[in-house]
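Participant: Residues or ranges marked as GTP binding site in Swiss-Prot (evidence: similarity to another entry): 20-26, 37-38, Ser40, 42-43, Gly69, 124-125, Asp127, 155-156. Marked as Mg(2+) binding site by Swiss-Prot: Ser25, Thr43, Asp66. Per Swiss-Prot, the feature motif 'Switch 1' maps to 36-47. Annotation source Swiss-Prot lists motif 'Switch 2' at 67-86, citing similarity to another entry. Under the heading region 'Disordered', Swiss-Prot lists 183-207. As annotated by Swiss-Prot, cysteine methyl ester applies to Cys213.
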Amino acid sequence: MGTRDDEYDYLFKVVLIGDSGVGKSNLLSRFTRNEFNLESKSTIGVEFATRSIQVDGKTIKAQIWDTAGQERYRAITSAYYRGAVGALLVYDIAKHLTYENVERWLKELRDHADSNIVIMLVGNKSDLRHLRAVPTDEARAFAEKNGLSFIETSALDYTNVEAAFQTILTEIYRIVSQKQMSDRRENDMSPSNNVVPIHVPPTTENKPKVQCCQNI
């Protein structure tokens, strides 16, 4: 298989959600283009970028969507979540309010996205450790309680950015491939594929055969 961008085995849509200013756009640009913009302004509307990675010899193309966390853009919610198989729920470790709003974002995600979506809680801007307002253990406990994976990242110095996307994409791939194997097994076990002939021995009597069925 070549390395062209249009050659892939799986295409996974992953959305970035969270308050405005937590660094979603820089996480996107750092992972897909290895770029960081210190003067990055809030995203207006929606944008997405792609990058392909290898998992178990398969090419996974990630289509990562980013939208503004500002309330006035929430009208795009339904289209934004449609088809998403993964979500990074991002907060700023130096701004406790962005962490407090995680619960609301999680509810919105579960209201609009597929029930099987894979969710990772991401504490971004870990380089601001001297300004930390959200303890790591507190966020990790919240993630465990709500069935989310958890990681802290820094788009500025690239800490754990690769790991965050690799982890969620690998988890999605495992779920999808296991489902495909399960579906294949079910198909193999279906009656049409497992027809067992039943041989009825002939009767010794010369009675005429009954051609109809009778309810008892």
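Every residue, even glycine, has its Cβ placed from backbone N, Cα and C.
Show me how these features fit into the shown structure, please.
Facilitator: In the three-state DSSP assignment, the secondary structure recorded for Asp66 (Mg(2+) binding site) is strand.
Across the motif 'Switch 1' (36-47), mean pLDDT in this model comes to 72.
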Participant: Would you mind ranking the binding-site residues Ser20, Ser25, Asn26 by how many other Cβ atoms sit within 10 Å of each Cβ and giving me the lowest?
Facilitator: Ser20
Participant: When you measure from the Cβ of Asp127 (GTP binding site), which residues in the chain that are at least 6 apart have a Cβ under 8 Å away?
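Facilitator: Same-chain residues close to Asp127 (GTP binding site) (Cβ under 8 Å, separated by 6 or more) are Ser154, Leu156, Asp157, Thr159.
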